[in-house]
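These notes are about the structure you will find just below.
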Amino acid sequence: MEPTAPTGQARAAATKLSEAVGAALQEPQRQRRLVLVIVCVALLLDNMLYMVIVPIVPDYIAHMRGGSESPTLISEVWEPTLPPPTLANASAYLANTSASPTAAGSARSILRPRYPTESEDVKIGVLFASKAILQLLVNPLSGPFIDRMSYDVPLLIGLGVMFASTVMFAFAEDYATFFAARSLQGLGSAFADTSGIAMIADKYPEEPERSRALGVALAFISFGSLVAPPFGGILYEFAGKRVPFLVLAAVSLFDALLLLAVAKPFSAAARARANLPVGTPIHRLMLDPYIAVVAGALTTCNIPLAFLEPTIATWMKHTMAASEWEMGMVWLPAFVPHVLGVYLTVRLAARYPHLQWLYGALGLAVIGVSSCVVPACRSFAPLVVSLCGLCFGIALVDTALLPTLAFLVDVRHVSVYGSVYAIADISYSVAYALGPIVAGHIVHSLGFEQLSLGMGLANLLYAPVLLLLRNVGLLTRSRSERDVLLDEPPQGLYDAVRLREVQGKDGGEPCSPPGPFDGCEDDYNYYSRS
């Protein structure tokens, strides 16, 4: 019986420690910050996994074509391997080019690089697009699921699916497995990305905190896209194919465990929190003209980036005889203006929150001008400046319009954010599903100059459309969520409640001014007008 006393004391001490840690984690402000960290890590992982395969998969598929699991060793003449591309520079591998490295240097042993054939370029393009395609298909279902289940459980599901996808990438040995892993990542992203952004909007209901938190999330997305190709290329070169994926899988598992500790998604309190008001169906949100304008802007602003990624390297080689390091480094400086754009928009939104539409329109104009200038660049430095302008404009649009979506749901619908951010994810996925597959064909049929000018013109023409959002900042939460629920036909005792609500409104309650879509009042009767 003597050993039981120390055991009981240890158990009691562990219980007290667990309770103390749990109480600290449940403190509202601290929990909100931890949730932001968890979501940012999830977004970082998703974008790192999206880009980490850029220097790995094309080379590995070429090795499989050669009939060997590992690159061939040569001892007399060495050929330099491609430097790992940066940010979204998948073009060094996706472009239809048969560039061969130049023999140089002293005699030493090194891995011989292999390059995809033209047919493999098509397979790699489909592989890169498969993630966005599945994400595009799943988001109309994941949004309502998130609205019904709250945000923590779908985020946990997304992290679990991303963990499985990453492990599958690590042990993949053929194209079919790579394709399945990439598609599985799209399934995980449809849950993790949408629920993560929606959770931030829910935890930070007031401005400017909401814009600031979403800006931090966008910075992590950009950083993940930037750091993933060199991270994957270096580890692939020195540690093998599996190591970068296993590292990302470990971080994904840690993030999921941290979410379990902080949010406790399966506890009784979490089940009580899950009793959210019934959200507006996603098809009705899609028909809301304000939300449609924002979704169109998000798609339009991302098309130049998605279409330039797989084509710009070949154009650089043919136009300015760019070296391999220039093609690999061309996107690297763009991270700085992207973060600067996020910071600037957050600061401006804090001071002038009613001008979010103007920041988005300015971003579209900057994207349009930058895209039109790209074909005129004949050297490396001007091209870098143009791409920096492109990413700066994208930061303005994303940082201004993502909080606007949450605000529109607050004032025109029910404050449940899963479906509206599923629409935002659909907007991004449209661009990135088409880019790797369509961009090369457009360049071959029309030319790179026509592609860039067309995308720039589309952004310039769409910028004035955001004028339709100019009155959004003047809308107020003139009706509560309870009032929205009472729009349904009353039953039983609720007749009296509805009667009192109607009588209260006859007293001259202040109303919000109408927007340019006041003709849609009958369909979206969620705010009053004088």
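Even glycines carry a Cβ here, placed using N, Cα and C.
Under the heading region 'Mediates interaction with SEC14L1', Swiss-Prot lists 471-530, citing experimental evidence as support.
The region 'Disordered' annotation in Swiss-Prot covers 504-530.
Around the Cβ of ASP193 (site 'Important for transporter activity'), the same chain contributes ALA42, LEU43, ASP46, GLN135, GLY158, ASP425, each under 8 angstroms and 6 or more positions distant in sequence. Taken from Swiss-Prot, the feature site 'Important for transporter activity' covers ASP193 (among others).
Using a 10 Å radius centred on the Cβ of ASP398 (site 'Important for transporter activity') and all shown protein chains, the other Cβ atoms total 28. Taken from Swiss-Prot, the feature site 'Important for transporter activity' covers ASP398 (among others).
What Swiss-Prot records for 1-33 (among others) is topological domain 'Cytoplasmic', and it gives sequence analysis as the kind of evidence. Summarised as a single figure, the pLDDT of the topological domain 'Cytoplasmic' (1-33) averages 67.
Positions annotated as topological domain 'Lumenal, vesicle' by Swiss-Prot, on the basis of sequence analysis: 55-125 (among others).
Annotated topological domain 'Cytoplasmic' per Swiss-Prot: 147-152 (among others), in sequence order, evidence recorded as sequence analysis.
The topological domain 'Cytoplasmic' annotation in Swiss-Prot covers 204-213 (among others) and is backed by sequence analysis. Proximity of distant same-chain residues to the topological domain 'Cytoplasmic' (204-213), defined by a Cβ-Cβ separation under 8 Å and at least 6 residues beyond the stretch ends, is recorded for 32, 36, 345-346, 349-350, 353, 399, 403, 406-407, 410, 415.
Taken from Swiss-Prot, the feature topological domain 'Lumenal, vesicle' applies to 235-242 (among others), supported by sequence analysis.
The topological domain 'Cytoplasmic' annotation in Swiss-Prot covers 264-288 (among others) and is backed by sequence analysis.
Per Swiss-Prot, topological domain 'Lumenal, vesicle' is recorded for 310-325 (among others). Note: the topological domain 'Lumenal, vesicle' (310-325) comprises 11 helix, 0 strand, 5 coil (DSSP; helix = H, G, I, strand = E, B).
Per-class residue totals from DSSP over the topological domain 'Cytoplasmic' (347-356), listed helix then strand then coil: 9 helix, 0 strand, 1 coil. Annotation comment: Swiss-Prot describes 347-356 (among others) as topological domain 'Cytoplasmic'.
For the topological domain 'Lumenal, vesicle' (378-388), the DSSP-based tally of helix, strand and coil residues reads 9 helix, 0 strand, 2 coil. Marked as topological domain 'Lumenal, vesicle' by Swiss-Prot on the basis of sequence analysis: 378-388 (among others).
Residues or ranges marked as topological domain 'Cytoplasmic' by Swiss-Prot on the basis of sequence analysis: 410-422 (among others). Summarised by DSSP class, the composition of the topological domain 'Cytoplasmic' (410-422) is 8 helix, 0 strand, 5 coil.
Marked as topological domain 'Lumenal, vesicle' by Swiss-Prot: 444-447 (among others). Broken down with DSSP, the topological domain 'Lumenal, vesicle' (444-447) shows 2 helix, 0 strand, 2 coil.
Annotation comment: Swiss-Prot describes 469-530 (among others) as topological domain 'Cytoplasmic'.
Across the range of the topological domain 'Cytoplasmic' (204-213), the DSSP-based residue counts are 5 helix, 0 strand, 5 coil. If one looks beyond the transmembrane segment (289-309) by at least 6 residues along the same chain, the residues whose Cβ comes under 8 Å of a Cβ in the stretch are 88-91, 94, 360, 363-364, 367, 370-371, 374, 387, 390-391, 393-394, 397-398, 401, 404-405, 408, 412, 420, 423-424, 426-428, 430-432, 434-436, 438-439, 442, 451-452, 455-456, 458-459, 462, 465-466, 468-469, 472, 515, 517, 520.
With pairs at least 6 apart in sequence, the transmembrane segment (326-346) and the transmembrane segment (183-203) have fewer than 3 Cβ pairs within the 8 Å limit; the two do not touch. Of the candidate ranges 214-234, 326-346, 423-443, 423-443 has the most C-beta pairs within less than 8 angstroms of the transmembrane segment (126-146). With a threshold of 8 Å between CB atoms, the same-chain residues lying at least 6 positions outside the topological domain 'Cytoplasmic' (347-356) that come near it are 207-208, 211-212, 399-401, 403-404, 469, 472-474. Same-chain residues lying 6 or more positions outside the transmembrane segment (357-377) and placing a CB less than 8 Å from one of its CB atoms are 297, 300-301, 304, 308, 312, 320, 341, 345, 348-349, 383, 386-387, 389-390, 392-397, 399-401, 404, 448-449, 452-453, 455-460, 462-464, 466-467, 469-470, 472-473. Long-range contacts of the transmembrane segment (153-173) within the same chain: residues 38-39, 42, 45-46, 49, 53, 64, 69, 142, 145-146, 180-182, 184-185, 187-196, 199, 241-242, 245-246, 248-249, 252-253, 255-256, 259-260, 265-266, 270, 274, 418, each at least 6 residues beyond the stretch ends and with a Cβ under 8 Å from a Cβ of the stretch.
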